Amino acid sequence: MKHFLEISQLSSEQIESLLQRALYFKHTKQYPSYSQSIIANLFYENSTRTRISFELAERHLSMSVVNLDLQTSSETKGEAIEDTIRTLAAMGIQYFVIRHKQDGLQQNLANKLGDTVHIINAGDGTHAHPSQAILDMVTIVEQKKQLDKLKIAILGNIKHSRVANSFQCICSKLGVGELVLISPEIWQPSQVHFGRVTDNLNEGLEGADVIICLRVQRERLLQDDHLDLDFYRNNFALTQKSLSYAKPDAMVMHPGPMNRGVEIDSEVADGKQSCILQQVTNGVYARMAILESLIGS
């Protein structure tokens with residue numbers, strides 16, 4: 001692969017290869033060395049999990065790592081991001097992990113600069129978060145092998161979620177049996193890539209093998225959508241009661257950060273069915289697999 005931009009651009013075989021390579025790294029702890037490769041992390045949005053996970057993945061692969069401090073960079077003087085990348089590429093940096101609030105920015109950069117650099121999308125606006133989809137699927141297949149037999153439910157603000165967009169795509173590519181998108185009507189997407197939409201929490205969770213909770217974006221609640229937290233919690237939170245509609249061994253997942261007591265109760269987030277910390281662990285190995293697939297291409 002030249003770039004890693006969105007799941008829809010990958011074949012099912014490429015995705016399967018990334019999943020298996022991530023699990024190989026996790027179980028063997030045998031990491032190749034790519035010490036001649038230099039990578040820069042450019043995060044124009046706040047991040048804990050994704051940023052640190054990518055950096056750990058890079059260091060496990062013995063890459064030389066540059067973390068750009070946007071507060072002290074020429075970006076504060078108005079430098080365009082493409083000029084920043086051209087400048088860093090002239091210094092010998094080949095790989096760029098980028099998170100940005102603008103939908104499609106990484107694709108545009110790849111179109112303009114793709115002959116000389118490799119672009120990795122660490123999240124663009126509400127559009128895509130492909131590495132999250134890979135790590136989520138690594139977490140699922142580690143426990144539940146037959147994807148075509150699974151019912152997976154995504155719960156929350158589907159409309160504004162890059163996580164939900166990328167996960168729909170990966171479920172379609174890998175032939176997941178059933179995907180249900182559970183959301184209040186005001187947060188339901190105008191376009192569904194894969195699966196079906198419902199505003200009935202209990203029906204959506206009925207018999208689910210995997211439940212993925214999405215963060216309630218409080219800033220959108222207050223400014224745009226006029227949906228109050230009490231309504232959401234009473235009708236869409238993942239509690240012990242609502243979890244009981246799923247299968248007894250259902251996996252509970254969340255991309256983080258969590259709003260405990262809003263979209264998910266602590267008893268569920270910390271309970272025996274929770275795989276949230278496994279997602280965090282697997283994120284490092286998934287991103288190692290992604291980076292390795294770009295090196296030498």
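Don't overthink the numbers, they just go from 1 along the chain as shown.
Each Cβ is built from the backbone N, Cα and C atoms, and glycine gets one as well.
What you see is a predicted model, and the numbers here were worked out from it, not measured in a lab.
In the record from Swiss-Prot, residues ARG49, THR50, HIS129, GLN132, GLY256, PRO257 bind carbamoyl phosphate; the candidate from ARG21, ARG99, ARG233 listed for the same site is ARG99. The CA atom of GLY256 (carbamoyl phosphate binding site) is located 13 Å away from the CA atom of ARG162 (L-aspartate binding site). Proximity note: of the listed binding-site residues (ARG49, THR50, ARG99, HIS129, PRO257), HIS129 have a CA within 10 Å of the CA of ARG162 (L-aspartate binding site), given in sequence order. In the shown protein chains, 18 other C-beta atoms lie within 10 A of the C-beta of GLY256 (carbamoyl phosphate binding site).
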